[in-house]
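Participant: My questions will all concern the structure given below.
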Ligand SMILES: Nc1ncnc2c1ncn2[C@@H]1O[C@H](COP(=O)(O)OP(=O)(O)OP(=O)(O)O)[C@@H](O)[C@H]1O
């Protein structure tokens, strides 16, 4: 229970279904002296506890601050320092919610972890439709593929609310984690969820949705990083290597970014976009955004650290690959290379594929797993 409306209603639904439920809040990060990042954790704990009290269930605050630093913040800072783009929200699910929190829960005899994620679990009824609600997701360019029927009840599907679907953040979960995960609100649209929370009189029914990175609250990633990664100015160059300006540190820019580059475009209504980082020269490469801008669009890439939520992806196949949150999944040919790596060839060029970012792999609306972009080829 994060203190938000989604996990509040998820808990209420489980209680109503007759499960033996305990609420838990993970304390990952507090606003220590000198460290920027406002996380309204005290208010969140108060709200989560109030909902637990209202539902008549036990409630625990689990202090995982040390583990969070070790498993998420370290990965985040090391990633930015080495010039790649990490995704702490994806790692938080694998390492924290379904990692150390699951260890904590297992030790105490719990059988599952439920969250307020917009995602759905399947059901293994041979020869019949999956029990998931018809996904109202429209962002997928899906084609039917092979289905491993014996794992269907543990399979994770996109949330019914296409605008809220959070399966991208679950892409790096392991089979054991997918097995014990429950998503009680994944069949609902957000307005329906708020209506139900109001009907039940939950304190959090009208609480504003949280924004941004979970542990740094409303603070921009850029401001957070400033406190940990020293500024490291270097040249901003164009595709021909001409110096156009100075950047403050490669970690402060994202590939595909147009705002905040600080170099005025000479062309009316045509913006510069960050197309590459060259850590060895500390160069940020920018170009005018066009449908065919070199280094901005690519079809071929290599994935590493492949992780699957069910059976391993052993054979070559076509699947749907989502290169970032809030971006449609594109059809792609996936060819395993061994040792957790694969080649991925999109059928259509994708904008700003980014080393280090997570690529979530789907078969239609079913989450197969995820991987890190290792390298991108431009041809
Ligand atoms: N600090 C936390 N302690 C326990 N569970 C958490 C915590 N943060 C997030 N979660 C769980 O992960 C889910 C997704 O987290 P996210 O930060 O995306 O929240 P959200 O979608 O805004 O949901 P909510 O409305 O419940 O805050 C939450 O619904 C909750 O079940």
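Each Cβ is built from the backbone N, Cα and C atoms, and glycine gets one as well.
For 26, 116, the entry in TrEMBL reads ATP binding site. Taken from TrEMBL, the feature active site, nucleophile covers 92. As annotated by TrEMBL, site 'Interaction with tRNA' applies to 117, 357. Taken from TrEMBL, the feature active site, cysteine persulfide intermediate applies to 214. Annotated domain 'tRNA-specific 2-thiouridylase MnmA-like central' per TrEMBL: 222-287, in sequence order. What TrEMBL records for 315-371 is domain 'tRNA-specific 2-thiouridylase MnmA-like C-terminal'.
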Participant: How many Å separate the Cα atoms of the residue listed as 'active site, nucleophile' and residue 26 (ATP binding site)?
Facilitator: 11
Participant: Check each residue in the chain of residue 26 (ATP binding site) that is at least six apart in sequence and keep those whose C-beta is under 8 Å from its C-beta; list them in sequence order.
Facilitator: 62, 64, 68, 96, 97, 101
Participant: If you measure residue 117 (site 'Interaction with tRNA') to residue 357 (site 'Interaction with tRNA') at Cα, how many Å is it?
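Facilitator: For residue 117 (site 'Interaction with tRNA') versus residue 357 (site 'Interaction with tRNA'), the Cα atoms are 20 Å apart.
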Participant: For the domain 'tRNA-specific 2-thiouridylase MnmA-like central' (222-287), what's the model's average pLDDT?
Facilitator: 91
Participant: Between residue 357 (site 'Interaction with tRNA') and residue 116 (ATP binding site), how far is it from one CA atom to the other, in Å?
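Facilitator: Per the Cα atoms, residue 357 (site 'Interaction with tRNA') and residue 116 (ATP binding site) stand 24 Å apart.
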Participant: Using DSSP, how many residues in the domain 'tRNA-specific 2-thiouridylase MnmA-like central' (222-287) fall into helix, strand and coil?
Facilitator: 8 helix, 21 strand, 37 coil
Participant: Counting all other Cβ atoms within 10 Å across every protein chain shown, which of the recorded positions 116, 117, 357 scores highest?
Facilitator: 117
Participant: In the three-state scheme derived from DSSP, which category covers residue 117 (site 'Interaction with tRNA')?
Facilitator: coil
